[in-house]
Every structure is written in C-alpha cells, then in structure tokens.
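TrEMBL lists these features:
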TRANSMEM  B:6-27  transmembrane segment
TRANSMEM  B:74-99  transmembrane segment
TRANSMEM  B:128-146  transmembrane segment
TRANSMEM  B:166-186  transmembrane segment
TRANSMEM  B:193-214  transmembrane segment
TRANSMEM  B:254-271  transmembrane segment
TRANSMEM  B:292-313  transmembrane segment
TRANSMEM  B:341-369  transmembrane segment
TRANSMEM  B:390-409  transmembrane segment
TRANSMEM  B:415-437  transmembrane segment
TRANSMEM  B:444-462  transmembrane segment
TRANSMEM  B:487-509  transmembrane segment
C-alpha cells in the first residue's frame, strides 16, 4: 500500500511518517483502559449477581440501588479510561499531501 | 378526565411557543457563511463542543417515547420489560467509548455523514452500503412516529383530542408537527441543539421534583415497593401467571441481560445517534461525553420508578375512549398529583422532549436518503447545494409520513414497527463497527449476514403472540434463544446468527478468492483529530467570521 490515498502532487516536503500505520501506543495502558471499560458491562450483564431484594438501602431493593450505583461507577470508570487512553496513545498529527498544500496556502 | 385542564394547557402552549421561537432563531446561532451544505444544515457545521453535545445527545437519545413507555412498562409488566432501560443506558457508554472515536475520525477525514457512507468507502461495496442505508431509514421512520405518540399521551390527559371530529381531534398534533417541520427546515441541526437545552432542563426539573415529592404522598418508598411487589405477584386472569416481575427471576435473567446489551449495541447504529455524534467538534468530545451522559441514565432510572409510584398512588390511566392505556400513566400521575400549572410544566417537558429527537431523526433519515440513495444511485453529480436542498425536502416528507402513520393507522402499528426497527438496526452493526477495525470480513459475507439477520428477526418478531393483550403477532421482543433455551431479546439472537453467517461466508469467499472491494481509508484515518489535514478543511467555514447581516 502507498503512504497516502492521494498521489503526492509534487509537494516540496515528503511525509516523514507512514500514515497507513496505527499510531504508536503503550499497549499495557490500553489493556488497563479496556479492562476498566469491560468491568461495568460484565457487572450489569451478570444479572444473577444482583437480582435480589436484600440488602435493602433506604427502602430500595438491592436490585434497584445496585444498578443506580453502577451509573456512578461506570461514569468514573469511563472517565478514568479516557484519561488513560489519552496517555496511552498521544495524537500523531497527520502530515499528508493535503496538509502540505494547506500549509502553503496559509 | 372530563373537560380540559386550562391552566396546564396554557403553560404547555407558552413553553411550546418559546421553543418554537428558539427553533427559528437557531439559524443565527454560530452562523455559518452558508447553510447550503449537509455539513452545515445536517451536522451543525460539525462544531459542537462537549457540553452542547451532551445536551444534544441527551435530548436525542432519551426520547419522549422513552419517557412515556419505560414507566408504562414498569407499571404494567414490571422490572424485566421496564427497568432493563437502566443497565441498557449504562453499558451503552463503555461500548460507544470504544468505537465512536474511530468512526468520528474516519468520517471527518472522508466527509462521511452517515454509516452507509463509511461502509461504502471502507468496503467499496455499493450493495452493502445501500443495505445499511435502507435499514437505517426504515428503522428511523416508526421511531419518529412514536414521538408523536408521546405528544398524544400528554394531549389526551389534558383533555384534548377526544372529539369525534377528526380534524379538531388531531389539530393540536398537526400544528405542533408543522411548526417543528418549519424550523427544522430552516435551521437544520442547530434547531434541536438549541431546544435540547430547554428540554433537558425541564426534564431534570420535573423528574427531580416528582421523585422527591411524590413518594412521600403515597407513604414513602417502602409503600411504593410493596405495592409494586403485590401487583406483580398477582396472577393474571388470562393465563394465571404472575402479572409481571418485581425483580427478574431465574427464568428472566437472560431476557434482562440480552435486552440491555442488544439495545445498547443497537442505539448508536441509528442514524440520529450518528448524526449527533458526528456533529461534535473533536474526536474526544464523544469520549468525554461517555462519562457524563450517564447522568441521563440516572434520571431515566428515577422515571422508571415513577411507574411503580403510580401503582402505589392508584393511578388509573384511562384514555379518552374509555379504555385503559398504560402509556398514559406518567402524564396521568402528574395530572392527579401536581397543581395544574406544574402538571403543565411536566407535560411541556414531555412534549418538547418529543421535538428534539423527532427533529434529529428526520434530519438523519433525510441525510441518509440524500447521501446513500439520491447521490449514490440517482444523481451522482449532485452539488453540495443540491444535497442540502434534497435533504431539507426529505426531512419534511419524513415528518409528514410519520404524522400520517400515527393519525391514519392504529398506533399499535408504530409500536410494532419500532420493535422491528430495533431488531433491524442491530443487523448493521457488523459491517459498521467491525468494519472500523478490520477488513477481514468480506463485503458479500457481511451482506449475506445482514440479510439472514433481517429475515430471521422479522419472522421471529412476527411470530410472538401475546394472549394477554389478545394479539397473535408482534406480541413482544422476547423469544426462546435457540441452543440456550432461555427467553432472550430477538435482536441479539438475529445478531449472533448474522455474525456467524458473516464469518463462515468470509472463510468460504476467501478460499474461493472472491474479489475485495477498494478501501479508500488508511490506518491513520481512524486516529485523525480536529486540526489534521482534511479534518480542518471541514471546520474552516467556522473560523472565518461571518459579516453581520
């Protein structure tokens, strides 16, 4: 495969990066983020772990308040995963032929 | 139920007029140099930041029909068919976190407006792209019609629409939709984005007041839960089985889990969810939103519980035709328990809540038609101006169709088709989401999997009978899962069959060396962000300050 999907229109600068590759990432961190995102899904699909009445909390059956609790937990897990993903794969600016032409115009 | 509640109606009309004015003014908001392109009219210039996207997606996904139907299901059938909405709207966000950023990036690099655009570019397959487009269009139509059902429920409780004169009966609904159509036509996606602020604020206000105030009126949460438990345990006169589930029993756990997961996987395949997501200004907007959108899920859970509060309060949802109609339970609960003026605010929240999704859905359906049917098959050399023009017209046609659908046919039809729509739209998931990661799946195998999933799902849904409601077809969304033998969501079963066909078909086609389509994307496209080449180009008109008119 070629570097870009457009022919290089004779721009003065050649691409330094092959953009038909996945930008580099710290795999370990991506795995951590993946696990954080998977936990709420597994927890809520595992219905038998929470389909019961006791222990009640302020009159609410466990089944109800446990799922409400996951609204907050899931939100926290997702936000943490977001911070981790930003660290794991910093944005790699694209510099293809279109960029060169835009740069010349500016 | 006799007579019209004048105070509530007055409050409703005032708030409704307020958002109508806002809808027309929206065209001036973040004014682009020209509205005459799909990027501007149909995606709001792709310029929405984290908070606007939050309001827009919240207003878009949590529809008026949801607000009416979820508590109605809790009231009538209990936790399995009602409360699953909570795990559904929780697991939704980790799932979209994973793939939506990739879809945003590749769509902005290549100017895609719909999922069918992406499938066309990724697999080089016009057939598969058409399948995705038609599915999206068909699934959205009944969903728009159901928003009308939400408005109807409110009008019915206020006391409007009971007359025998057909024109007078449906006039309020007709006016509401005509106004909606007019400002959607002129302002595009900016109109629902502005109105979403009002809608979401009203919804939060009404539900928090209701959840704090109403339980104390009926004896506290203990009384609410014991009333619900009693009602659900009572045998149904038709089949002698319990009325519903207070908490899902061992037999209903697969149903609860597959309803939650299947609905979550399906929701962001709908064109209106994609439209709202792609209108975000950067790749990470949608990821940040994945952690703040659950606020709406919390509210939806509270609203679901109001269905049980209505049981304790002894709410009697009787329609103007004198028949019981569970869909009226929330408006009726508000009408019975609140002073008229606040009931009016609550009704406005539901009615305005119908406008935002109806607007976005009609825009999204129109974009799909324009890009993937009109431009792809009818007029390949259409200019951006022509695309915007066709889209605006189609948005009108789609809404007119929804109106006819609800007024002329039994609204049960709309509900049946929406049930089918959920099953259908999930069948586009393999091509769209797996396509974001790999091209291993062959375009023909994906098309075959889609077709098998559609046919199986439609046939299964058609064959579900519901003796309690006295109907033989489309009686619900659950059926026995083959092999596992438990009740499960039909859409999920169809989805698994779809995947199996796609994988087996791909193996066969690879062995037979069937030709692949062209892929116009490169790996880096899936990680592009605002500021990258071509991504920026789309945003440019917004950086140029428009001269004051």
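Keep in mind that glycine also has a Cβ here, set from the backbone N, Cα and C atoms.
Could you place these features in context, so I can see how deep they sit and what lies close by?
Packing against the transmembrane segment (B:74-99) from elsewhere in the chain are residues 61-62, 66, 228, 232, 243-248, 252, 255-257, 259-261, 263-265, 267-268, 277, 286-287, 290-291, 293-294, 296-297, 300-301, 304-308, 310-311, 315, 317, 326, 329, 433, 436-437, 476: each is 6 or more residues past its ends and has a CB under 8 Å from a CB in it.
Same-chain residues lying 6+ beyond the ends of the transmembrane segment (B:128-146) with a Cβ under 8 Å from its Cβ atoms: 63, 65, 114-117, 119-120, 269-272, 357-358, 361-362, 364-365, 368-369, 371-373, 376-377, 398-399, 401-402, 405-406, 411, 413-418, 420-422, 424-425, 427-428, 431-432, 443, 446-447, 450-451, 454.
Beyond the transmembrane segment (B:193-214), the same-chain residues lying 6 or more positions past its ends with a Cβ under 8 Å from any Cβ of the stretch are 15, 18-19, 22-23, 25-26, 29, 44, 48, 52, 55-56, 58-60, 62, 67, 187, 279, 296, 299, 302-303, 305-306, 309, 313, 333-334, 337-338, 342, 345-346, 348-349, 352-353, 355-356, 359.
Cβ atoms under 8 Å from those of the transmembrane segment (B:292-313) belong to residues 50, 54, 57-58, 61-62, 66-67, 70-75, 82-83, 85-86, 89-90, 92-93, 200, 203-204, 207-208, 210-211, 214-215, 217-219, 223-225, 227-228, 231, 329-330, 332-333, 336-337 of the same chain, restricted to positions at least 6 beyond its ends.
Sequence-distant neighbours of the transmembrane segment (B:341-369) (same chain, 6+ residues past either end, Cβ-Cβ under 8 Å): 5, 7-12, 15-16, 19, 23, 38, 41-42, 56, 59-65, 67-68, 113-114, 116, 133, 136-137, 140-141, 143-144, 147-148, 150-151, 153-155, 157-158, 176-177, 180-181, 184, 188-189, 191-192, 195-196, 198-199, 202-203, 205-206, 209-210, 270-272, 274-276, 330-331, 334-335, 390-395, 398-399, 402.
Non-local neighbours of the transmembrane segment (B:415-437) in the same chain are 65, 99, 102-103, 106, 115, 118-119, 122-123, 128, 131-132, 135-136, 138-143, 145-146, 149, 262-263, 265-266, 269-270, 446, 449-450, 453-454, 457-458, 461, 473-474, 476-477, 490-492, 494-495, 498-499, 502, 526; each lies 6+ residues outside the stretch with a CB under 8 Å from one of its CB atoms.
Sequence-distant contacts of the transmembrane segment (B:444-462), counting only residues of its own chain at least 6 positions beyond either end whose CB sits under 8 Å from a CB of the stretch, comprise 123, 125, 127-128, 131-132, 135, 419-420, 423-424, 426-428, 430-431, 435, 473-474, 477, 479, 490-491, 493-495, 497-506, 508-509, 514.
Long-range contacts of the transmembrane segment (B:487-509) within its own chain (CB-CB distance under 8 A, at least 6 residues past either end) are made by residues 251-252, 254-255, 258-259, 261-263, 265-266, 422-423, 426-427, 429-430, 440-442, 444-446, 448-450, 452-454, 456-457, 460-461, 464, 477-481.
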Taking residues 6+ outside the transmembrane segment (B:166-186), which of them lie with a CB under 8 Å of any CB in it?
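Same-chain contacts beyond the flanks: 16, 20, 23-24, 26-27, 148, 151-152, 155, 160, 192, 351, 355, 358-359, 362-363, 392, 395-396, 399-400, 402-403, 406-407.
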